[in-house]
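What follows is a short report on a single structure.
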Amino acid sequence: MPRKSKSQARSESPESLRDSESPEPRRDSESPEPPSPETDLYEILGVSSDATADQIKSAYRKQALKHHPDKVPADERDAANKKFQQIAFAYAILSDAKRRERYDLTGSTSEAVDVDEDFNWADFYREQFSSAIDTSAIDKLKQEYQGSAEEERDVLAAYETYRGDLDKVYESVLLCNVLDDDERFRAIIDRALAEGRAKKHKSYVEEPAKKRERRLKRAQKEAKEAEALAAEVEEKQSIKPGRGGKKSTTKKKNDGDNELLKMIQQRQATRAEAFFDRLEQQYGQPGRKRAAKMDEPPEEAFAATAARKTAKKKRKTDA
C-alpha cells in the first residue's frame with residue numbers, strides 16, 4: 001500500500017549549529033520521501049518493537065543528532081536529508097500511543113497517519129524543529145555517548161569511510177569538538193591501527209601539519225564566535241527589568257542557554273519554511289480535518305504486517 005506521509009525535524013548540538021552556514025535547502029517541487037513500504041520504523045530508530053516510550057525518545061534524539069544534514073559533507077547532504085526525514089517520520093508514528101498501536105496492528109504507516117483526524121503534520125514538525133535543541137537532553141546524551149564503545153565504533157567507522165580524512169570525521173561523529181576531542185580521537189585511531197583493527201590511510205598517517213593547524217584555527221574561531229554569541233545573550237538578559245522595574249543581574253544558566261538556542265534557531269528557521277509549506281499543501285490547512293478513517297484496517301494492511309514480521313524473522317535466521 002502506498003504511503004503518503006512526510007517528515008523532517010531539526011536537532012543538533014550548539015557546537016555544530018552555531019556556525020552553520022549551510023546552503024539553502026532545495027526549493028524545487030520534489031517533496032520529501034516517506035519510508036518505503038517494506039521499511040520497519042523500529043529499525044529506522046534502532047530499537048526493538050517492544051521498546052518503551054523513553055527508549056524510543058532517546059533513540060530518536062541520538063539518531064537525529066547523528067544523521068543531521070549539517071553533520072555531513074555538502075555532496076552527501078541530499079542522502080542525509082532523506083535519512084533524517086525517515087528518522088523524524090518514524091518518531092512521529094512511534095512516539096504517539098495511538099499511532100504506534102495502529103502501526104503495530106497493521107504494519108501500515110498510512111493507516112497510522114490516519115488515526116488522528118485533527119492532527120496537523122506541519123504543526124508537528126514545526127514544533128519538533130523549534131524544540132529539538134534541548135541543552136539538558138544534549139548534555140545527558142553527551143555524557144552517555146562520549147567515551148562509550150558506540151562512540152569508538154563511530155569514530156573508526158568514519159575514519160574508514162573517509163579514508164583517514166579527519167576533517168570529514170569531525171563532520172560526521174556525533175557531538176564532537178576539535179578542541180576537546182582531537183587527542184582523544186587520535187588515541188582511538190592509533191590504538192586501532194596498532195592492534196590491526198584499522199587500515200593505515202595516507203590522509204591520516206601523513207596528514208600535513210598545516211592541515212591540522214587550519215582545522216584547529218577553524219575550531220578556535222568557532223569557539224570565539226560562540227563565546228561572542230553567549231556574551232550577547234548574557235547582555236540581553238542582564239538589561240531585562242526584574243520585579244519592581246529593577247534590572248536583574250543574576251541569571252540562571254539554563255535561561256541563558258535557552259536564549260542562546262533561540263537565537264540559533266531563529267537564524268536557521270527560514271531554512272525549514274519551504275519544507276513546512278510543502279507539508280501544509282500535502283496535508284491541508286491547519287485545523288482542517290482529514291478524511292474519515294476506516295473503522296477496521298483493510299486486509300492488505302494485515303498482509304503487510306505479516307510480510308514485515310516474516311522478513312524480520314528471515315533476516316534473523318540468515319544472520
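Each position is counted from 1, following the chain as shown.
Glycine too: its Cβ is placed from the backbone N, Cα and C atoms.
What TrEMBL lists as compositional bias 'Basic and acidic residues' is 12-30 (among others).
Distant neighbours of the compositional bias 'Basic and acidic residues' (199-210): 159-160, 162-166, 189, 193; these residues of the same chain sit at least 6 beyond its ends, with a Cβ under 8 Å from one of its Cβ atoms. Residues or ranges marked as compositional bias 'Basic and acidic residues' in TrEMBL: 199-210 (among others).
Per TrEMBL, the feature compositional bias 'Basic and acidic residues' maps to 219-238 (among others).
According to TrEMBL, the feature compositional bias 'Basic residues' maps to 309-319.
Annotation source TrEMBL lists domain 'J' at 40-107. The domain 'J' (40-107) scores a mean pLDDT of 84 in the predicted structure.
Residues or ranges marked as region 'Disordered' in TrEMBL: 1-48 (among others).
For 199-260 (among others), the entry in TrEMBL reads region 'Disordered'.
Positions annotated as region 'Disordered' by TrEMBL: 282-319 (among others).
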* To do: Summarise the compositional bias 'Basic and acidic residues' (219-238) by DSSP state, stating how many residues are helix, strand and coil.
  => 20 helix, 0 strand, 0 coil
